[in-house]
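Undergrad: Handing you this structure, nothing more for now.
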Amino acid sequence: MSHTDTIVAQATPIGRGGIGILRISGCATKTVAKEILGKLPRARYAEYLAFKDPEGNILDQGIALYFPAPHSFTGEDVLELQGHGGPIILDLLLKAILNLPDVCVRIARPGEFSERAFLNDKLDLVQAEAVADLIDASTEQAARCALHSLKGTFSLRINQLIESLTYLRVYIEASMDFSDEEIDFLSDGKIETQLDRVIHDLDKVRSEARQGQLLREGMKIVIAGRPNVGKSSLLNALTGRETAIVTQIPGTTRDVLREQIQINGMPLHIIDTAGLRETEDPVEKIGIERAWNEIEQADRILFIVDGSTSSEKTIYPLWPEWEARLSRSRLPITLIRNKSDITGEDVALTETEEGTFISLSARTGEGIDLLREHLQQTMGFSGNMEGGFLARRRHLEALENAAQYLLSARQKWSSGNFLSELLAEELRLAQQVLSEITGQVSSNDLLGIIFSSFCIGK
């Protein structure tokens, strides 16, 4: 599809509401306005007008807003029609626009308005992604950080790194251009000092980006264990409500239950699973297989044991089959010794060579705050994101790649035995992957993936 087409889409959620908005962008916007409204509204002024179909029938009445290029969200001529939020009314108005004679207007693809804003230099790629992140924010802190990204906080940090790398490259390439002259650009210590400064600044951005990624995506916590050890009780204790059915009958939970909570602004996706055991029940077997699938994708596993029937404080003596199914080294596990109210164990968190275990009571809630603190610490989430920004996995990957290139450049420099061309190439590669974050360098495939995840009207 061409980026020169005029596009239209509903900018408000599908369904009934007090207000429904259609957004039009492109070169035929003025013609659409004259056909539907009978006039071109005054730029950036709200006008109350009738919305008509091609036969002149009034479909609705509402507010029309016209934003001429380039002073609009997309950088193109944009018209917004704000009418009543009934789906039938909006559908009739949308059909009227699409069926205008001698005017080519099509339905926008998901994220196409934001994509055009990016292509017309109204937003960089980080800011465009922040539009979707602001809409999808699940916590107040995530919304604030998404707004910071939209305002350019993250982009500014990346551009400062790129600018520093540009300075370094100029300095090194100058030494290559004047290699036959009696001018030594590389012996005054500036390269080493500047390179160390860039590496330090990049490390700070990476640390903040990891916090931003946690805030955006949250942490997936899977509650696992044998039947009837208190998994569902722990889910209820963490969420603060009776989310799961709790009985003394083993196998009560047969499917995956999902809930979301917050710890100091960080979203946690808590997943309760079926008790893991050998069974002949075909329905329970399906639930157990789903439990394993969730376990394999977890950021952290809370493996619960009944403290009143077991004295073990690590998972592997309790269940050797666990290690056969999943690798011990890559599984972040916290052992939960439940029912401290029955055993009399002290509510506490203990670190051992085998891992971490917490004694608590899911029934009374004793030790739940300790578990919350533990989850926050294990993910490295500080909770202090004042002035911070959100980040995505692709941002973290680009920052990690840039760090590797810079460390390679630093090692070459420290060895004292290097070619200036190789040093300059490492810096160029670092600069290139950083530029991919903001979209200064990007592939069409990457843009398609990013913008296709947006809602239609954005």
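Just so it is clear, glycine is given a Cβ too, placed from its N, Cα and C backbone atoms.
Remember, it's a predicted structure, so these values are computed and weren't measured experimentally.
Among the features that Swiss-Prot reports, (6S)-5-formyl-5,6,7,8-tetrahydrofolate binding site is placed at Arg23, Glu80, Lys122, Lys458. According to Swiss-Prot, the domain 'TrmE-type G' annotation covers 218-380. Residues or ranges marked as K(+) binding site by Swiss-Prot: Asn228, Thr247, Ile249, Thr252. For 228-233, 247-253, 272-275, 361-363, the entry in Swiss-Prot reads GTP binding site. Sequence annotations record features per position, and here Swiss-Prot assigns Mg(2+) binding site to Ser232, Thr253.
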Undergrad: Which whole-number value in Å describes the distance between the Cα atoms of Asn228 (K(+) binding site) and Ala274 (GTP binding site)?
TA: 10
Undergrad: Which of the binding-site residues Arg23, Glu80, Lys122, Ser232 has its Cα closest in space to the Cα of Ala362 (GTP binding site)?
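TA: Closest candidate to Ala362 (GTP binding site), judged by Cα separation, is Ser232.
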Undergrad: Quick check on the binding-site residues: of Arg23, Lys122, Lys231, whose CB has the lowest count of neighbouring CB atoms inside 10 Å?
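TA: Least crowded of the binding-site residues Arg23, Lys122, Lys231, by Cβ count within 10 Å, is Lys122.
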Undergrad: Given a separation of at least six residues and a C-beta threshold under 8 Å, show me what packs close to Glu80 ((6S)-5-formyl-5,6,7,8-tetrahydrofolate binding site) in the same chain.
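TA: Counting only residues 6 or more apart in sequence, the Cβ neighbours of Glu80 ((6S)-5-formyl-5,6,7,8-tetrahydrofolate binding site) under 8 Å are Ala11, Ile21, Leu22, Arg23, Ile24, Ile63, Ala64, Leu65, Phe67.
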Undergrad: What residue among the binding-site residues Asn228, Ser232 has the most other CB atoms lying within 10 A of its CB?
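TA: Going through Asn228, Ser232 one by one, the largest Cβ count within 10 Å is at Ser232.
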Undergrad: For Lys231 (GTP binding site), name the DSSP secondary structure in the helix/strand/coil scheme.
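TA: Where Lys231 (GTP binding site) sits, the three-state DSSP reduction gives helix.
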Undergrad: Under DSSP, is Ala274 (GTP binding site) helix, strand or coil?
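TA: In three-state terms, Ala274 (GTP binding site) counts as coil.
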